[in-house]
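Positions annotated as Mg(2+) binding site by TrEMBL: Asp465, Asn492, Gly494. Annotation comment: TrEMBL describes 26-131 as domain 'Thiamine pyrophosphate enzyme N-terminal TPP-binding'. Annotated domain 'Thiamine pyrophosphate enzyme central' per TrEMBL: 224-341, in sequence order. What TrEMBL records for 435-559 is domain 'Thiamine pyrophosphate enzyme TPP-binding'.
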Amino acid sequence: LMESNGGGGGSPKEAAVVVPSSGDATLGGHLARRLVQVGVSDVFAVPGDFNLTLLDHLIAEPGLRVVGCCNELNAGYAADGYARARGVGACAVTFTVGGLSVLNAIGGAYSENLPLICIVGGPNSNDYGTNRILHHTIGLPDFSQELRCFQPLTCYQAVVNNLDDAHDQIDRAISTAIRESKPVYISVSCNLPAVPHPTFSRDPVPYFLSPRLSNQASLHAALDATLAFLDKAVKPVLVAGPKLRVAKAGGAFVDLADASGYAVAAMPSAKGLVPETLPRFIGTYWGAVSTAFCAEIVESADAYLFAGPIFNDYSSVGYSCLLKKEKAVVVQPDRVTIGNGPAFGCVMMRDFLSELAKRVRKNTTAFDNYKRIFVPEGQLPECEAGEALRVNVLFKHIQRMIGGAEIGAVMAETGDSWFNCQKLRLPEGCGYEFQMQYGSIGWSVGALLGYAQAVQKRVVACIGDGSFQVTAQDVSTMLRCGQRSIIFLINNGGYTIEVEIHDGPYNVIKNWDYVGLVNAIHNGEGRCWATRVRCEEELEAAIATATGDKADSLCFIEVVAHKDDTSKELLEWGSRVSAANSRPPNPQ
């Protein structure tokens, strides 16, 4: 993938044009080469009769690996995790039964602004318009049901049932996914991938995607207004939001943090997007469940700059954050709004933050105040020998582990792991991922598969038992791929996050022998080690083994916890979200 830097400096080198052999001059070969060009090395797939020939061509591409998954939902989640690490991901499924199964994962990727290429093997091109009824459909001769389901959840849809425009449709779909940072849908008729066509007779020239440029007049007006707003403030602060990723503005944010001297916080879904080793980093801003002393500094500031925020009911803790719009500068990927107005469009976040860093006046007042009020967290009470393991003790040891081992990222499943993992201080170079906007339980298993495949490093995942039961099968795919992730399965007997929002018997689940399940999946093939821990001594021994003798293996550590052992943040958050959910109807 080639991208203009927008700053002159000459034209890019022309790509060498390679003429494929006649057997490669096919739709399937073209699609495979395009995926490799944009950075995809792995396609997560579930075979079905409509996509088998297409999978043959994907497998034949030297730079591409087809990773077979246990189900389409996990294939979609894996492509989501892969896109978080690589910048783009891809999955391949069959028509309707596969497409509708993967749809939930596509919705999650859309909500998180991830470029994901969903490829579906479609009906034979001769069957379109014939009034025939096909298998894998809902029994109607109209084949558009799947397409209509994908339309709200993707930014582009291509139905390829004609070779004459296939080249254009595929190229337009993939380039749109990259440009818009959203999923796209490509349906390819099952009889077309292997058919040669003149439009595929040469290797595709790499994309040249011009970046979106700021309107310079609007940029300078936004800068002048923002500087006037911030420079008159006494104790301004800077808060990172999740849209830093889609704006590719993490580096510019760091430059502004260094230049401004402001206290720096991150919204929960922005954790991992900015280094927590920044000298004035004060933690996670999450309203009432923020890092200690962080909310007090942010909410008492007389000006706050939010870079790429998403304010929803979860991130605002049931709409209870004590923020005032008139104090805020909100910088979105292509727009800046100051207080209740004015607003400036066509201003790219990366340009705005970079230029602001050059002109902002340094002000460390908020961070100085933070240092005055900050009190280090107390020590956890020591565990008695053999005492039942507490969750806070578990995360104390996870913190030590990620600080001393070579860990590529931490992944947190929807649930109490959201809150416990937020407290982890990430070392330099350690990523962090969770799915806060969509919050689909079970996401982390597939996403762990995809993320670890993309980074080829050890990844730590913290998953609750309820979520694991949704998507557990693809531990087997991790083993087939030789991955070395460490999974902490927190077994507390149910959907704890839902218990704290609204309890009921539906939140209690059937207990599994999780270690036995993983050993059965292992079945002597690949490198895998699984154990169960009930006390601190067993946990310490398990972590020592996972990072020592079993460092070359997938490690699964089941942590048995009390059903009521939760973080205090979940208790607070759950009660506030419950209150927001249970508001009575407004009078008509």
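Heads up, the Cβ atoms here are built off N, Cα and C, so glycines get one too.
Residues Asp465, Asn492, Gly494 make up the record's Mg(2+) site, and a Cβ search at 8 Å around their centroid adds Gly464, Gly466, Ile490, Asn491, Gly493, Tyr495, Thr496, Ile509, Ala561, Lys563 from the same chain. Counting residue by residue with DSSP, the domain 'Thiamine pyrophosphate enzyme TPP-binding' (435-559) contains 59 helix, 28 strand, 38 coil.
The helix, strand and coil residue counts that DSSP assigns across the domain 'Thiamine pyrophosphate enzyme central' (224-341) are 39 helix, 27 strand, 52 coil. Across the residues of the domain 'Thiamine pyrophosphate enzyme central' (224-341), the predicted structure has a mean pLDDT of 96. The candidate set comprises the binding-site residues Asp465, Asn492, Gly494. Of these, Asp465 has the most other Cβ atoms within 10 Å. DSSP states for the domain 'Thiamine pyrophosphate enzyme N-terminal TPP-binding' (26-131), grouped as helix (H, G, I), strand (E, B) and coil, give 53 helix, 22 strand, 31 coil.
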